[in-house]
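Following: one structure in structure tokens, then a few remarks.
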Amino acid sequence: PHPTAPQSGPLFLDEGAAAAAARAEELRAVLLSACCPVMSGDVAMPSVQRLLSATIQACAVQLPAQMVRREDGLAGSVTQTVNLESGHQIDGVVVLCDCDSGRVLTVAPLPPLLRQFEAACLDGLMRRFAKTSPFRVASFGGYVVHNSEGQLSVELSDNLASADVAVCRGVEAIRQALSAPGSDHPRCWMVFLADSEQRSAVADLPALSKAAVVEAASLFHDADGELFDGPVVAVIEPPSASVCLALCKYAMEKFLSTEGRSVRTLAAVLLLALLPTVARCLSTNETEARLWFTEFDAKLAVEKNKVVEASWANAVNLTKENAQKVVEANLAHTEFLREQRAEMRQRFDWKQFSDRNLTRLFDKADDIGTSAANASMQERYGQLSTQMSGIYSTAQVPHPDTGKMMQLDPDITDALADPNESERVKRALWQGWRDASGKRMRQNYTDFVTMGNLMIREAGYSNIAQYWQSWYEPRPGQNFTDMMAKLWDVALPFYQQLHAYVRRKLRDKYGAELFPETGHIPAHLLGNMWAQSWFNVEKLTTPFPDLSTVDITEKMNKLGWNATKMFRVSEEFFTSIGLDPMTDTFWEKSVLTRLPDVKMVCHASAWDFYTNKGDFRIKQCTSITTNYLGTTHHEMGHVQYYQQYEKQPVLYRRGANPGFHEAVGDTLELAVMTPGHLHKIGLLDEIIESKDYYLNYLFQMALQKAAFIPFGYLIDLWRWQASEGRLAPEKYNEGWWKLRCGLQGVSSPVPRSEDDFDPGAKYHVPNNTPYIRYFVSHFLQFQLYEALCNISGHNGPLYKCDFYQNKQAGDALKKFLAHGSSLHWEDVLSELTGTTELRADSLVRYFAELNEFLTEENKKSGERVGWDADCPSADWYTTTTSAPETTTLAAGRAATSGTVGWWAAVGAAALARRLLAV
């Protein structure tokens, strides 16, 4: 008992109060005699003294009889009875004592204490110069982290006043030993800190404890970086429950015996931990586990609904009050996940279940990601996320001529898409958007990466990149990044041909002076803020402009279509193949156009509210365009997925992998956008059955699908580099443009520097949405499309397939969707396509005729295929990007001295073209 409350009740249930108090005092004396001489005498080095006194100043003792752990003011532990004889869980207990005063500071259960030490001692604290925003770690001892110009310092309250970075390294070593890969559920581990002369003590343990011993002495350094030559950490994991219990009892007997006190077989060896523990003490009763999980699943749905409701309210009405409610809802949700995981780990040994589905559910419940971190970190992480999202969603740019403030959607988006808008205006809007969005969140994002990595380590991952990649469940021998690289290698040759052809056509339009000799395409000329889709340059680049193209924007507007009509047409396609219509709630609560008089997030998104009552919604600021018709089908595909797996447990209510969710709507879009289908629904007056007509169609699809692939790849390549520490914050923008120039073959129209933060100008970066899912989906959708076409009995070129009204295809798709994530994605894919492998073959077959045409055209024109790995040099920008300013004669700008060199290089004819373009 705590010394300030000696009358608070018996420690041992089978003894009277007086005897219990006497034994407790004896126990305290034993602990002090075991620990303090080591720290105060000449036996240990000063750095060992520092480690011991500041980190774990006493011993963890497992009492070998019934014990009650009462409410304790300092430790905050809850009352819990532990009965070794009945097979309940054994809890480690930590007694912290002050060796100078002999005062027992507190008694605490070990697992929470270790988590608190861990929170204070992760990377951000060990790396003193890590850049992060100030935050307080709510842990025992009151760790406070101060950030002064990027340099971290650690202060503690009076209980543990001598801690320093060496302490953090020591505790981190313990943490790593206790959470080593493959140790999902520690059985009965003990950690010893021993002087080098006492290493034999580890070897003296009885034969029944033979198991792997991990020496982690190399992880211990003092404050000056010198290696401790004394301590050793040993982790003993007995092979069975009976061995574990026997070893625990042996250790206790030795430690508490007269022999143990005098000879000190374990005197310099601190019993630091007997973790929650014996395998037989964790239940493997699957009936009990199912009952627990059913209750958990119901509560999880309620908690998720609260988060989604708060997020929706904020997305459709951006206010500070709504943003704060999102932070609060997320904090409550993460606390719920932590509590449920702790209970689950204390009750069940689910790895031993015979029901593999039940094991899978428990595995998913155990993996709570950044929610494993403490409340202080959660709050700061949520604040950073909300701030970045707010910057992005409220950014506006003045029109370079009128000064009118323009929002991204639809104002800037429409201007960049307009082939008749001047290059000068497009360039100004391109740069202005990045100044108004990404540039303003650079420091926030740097802090966000640091904080995210700190938090995800609490869940056992090295960094956020590793966590995100784990969602794809790589099987033994698989490397996720290698899988993605192989897909890109297959797609690259076709992309290079498309890039070369489009570059030549745009150069003819805008003039050679705007195109660097490196072979890159200036990003602002591709009709999209991020050059991720090239659909809007189709009129400038189509192979056969005299033939009609599949651009139905004009037709939809002529027919008086509105947003609701577009969604009803999409719904009808799904119902025609036997899938479900949208629910009444969907039509009542979705936001399909921009709301008046409020600031809202216009980025299209689909929402599952986890009510089990059909509450699914879409938020989209719809314009009546061909592009938005495709987006509508994409978002409706998400909702169809939600509907089909609604009856699954909450943890299975997601795509088989993240790319699956993105692929479903796009798979349907491939059928919907065929000329044959558009003719059926009245959006095309005629179909011209000629090779040239379909080459135009394939080219249009390539501008949307194939042009996107490198962009879909590079966003998360960049984030993985940042998360893994391979890209330093001071080189964030340089690293971004290396990927954009090197992989995508596009370059910035204006000089960029580290004052800019161009990744933040893309929605998914400030909103922390992983992007590799879109890369995956752009291959997967062609696989699914080909499989459904085969099921429907389609004959002929793949690009002509339309399985509209085909119930066989619908039944197959419905079964595919209903699995959710209940199976490994390879098994779900195999069921529909016959292969477990994500492949590029279907995409290659789809575009084969176009690839052949582009290759031949590029040969005829002598166009270079490919581009330099490096971006254009700074010198190129000094002569080129200044040119338009000096040649906009109508704006009244006089020529400058820099104009002469530019004029000589470009020539009068090129300048004439430039003026016409402006």
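Backbone N, Cα and C atoms are what each Cβ position is placed from, and that goes for glycine too.
According to TrEMBL, the protein has these features:
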ACT_SITE  E635  active site, proton acceptor 1
ACT_SITE  E635  active site, proton acceptor 2
ACT_SITE  H764  active site, proton donor 2
ACT_SITE  H764  active site, proton donor 1
BINDING   Y472, R773  chloride binding site
BINDING   H634, H638, E662  Zn(2+) 1 binding site
BINDING   H634, H638, E662  Zn(2+) 2 binding site
DISULFID  C602-C621  disulfide bond
DISULFID  C789-C801  disulfide bond
CARBOHYD  N317  N-linked glycosylation site
CARBOHYD  N562  N-linked glycosylation site
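Overlay of TrEMBL annotations on the structure.
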residue : record                      : Cβ neighbours (10 Å)
N317    : N-linked glycosylation site : 15
Y472    : chloride binding site       : 22
N562    : N-linked glycosylation site : 14
C602    : disulfide bond              : 22
H634    : Zn(2+) 1 binding site       : 23
H638    : Zn(2+) 1 binding site       : 21
E662    : Zn(2+) 1 binding site       : 24
H764    : active site, proton donor 2 : 17
R773    : chloride binding site       : 24
C789    : disulfide bond              : 23
Can you list, in sequence order, the residues of the same chain other than H634, H638, E662 whose CB lies within 8 Å of the CB centroid of the Zn(2+) 1 site?
A606, E635, G637, H661, A663, V664, G665, D666, S777
What is the nearest of the recorded positions N562, C602, C789 to E635 (active site, proton acceptor 1), using the Cα of each?
C602
Work through the recorded positions one by one (Y472, H634, H638, H764, R773) and name whichever has its CA nearest to the CA of C602 (disulfide bond).
H764
Among the recorded positions C621, R773, C789, C801, whose Cα is within 10 A of the Cα of H634 (Zn(2+) 1 binding site)?
none
Using a 10 Å radius around each Cβ and counting other Cβ atoms from all shown chains, which of the disulfide-bonded residues C621, C801 yields the largest count?
C801
Neighbour count, 10 Å Cβ-Cβ cut-off, for E635 (active site, proton acceptor 1): what number do you get?
23
Just the number: how many Å between the Cα atoms of H638 (Zn(2+) 1 binding site) and R773 (chloride binding site)?
13
What is the nearest of the recorded positions C621, E662, R773 to the residue listed as 'active site, proton donor 2', using the Cα of each?
R773
Write down the Cα-Cα distance for E662 (Zn(2+) 1 binding site) and C801 (disulfide bond), rounded and given in Å.
20
Closest to C789 (disulfide bond): which of the binding-site residues Y472, E662, R773, going by Cα position?
E662
Express the distance between the Cα positions of C621 (disulfide bond) and E662 (Zn(2+) 1 binding site) as a whole number of Å.
19
Using the alpha carbons only, what distance in Å do you get between E662 (Zn(2+) 1 binding site) and R773 (chloride binding site) once rounded?
7
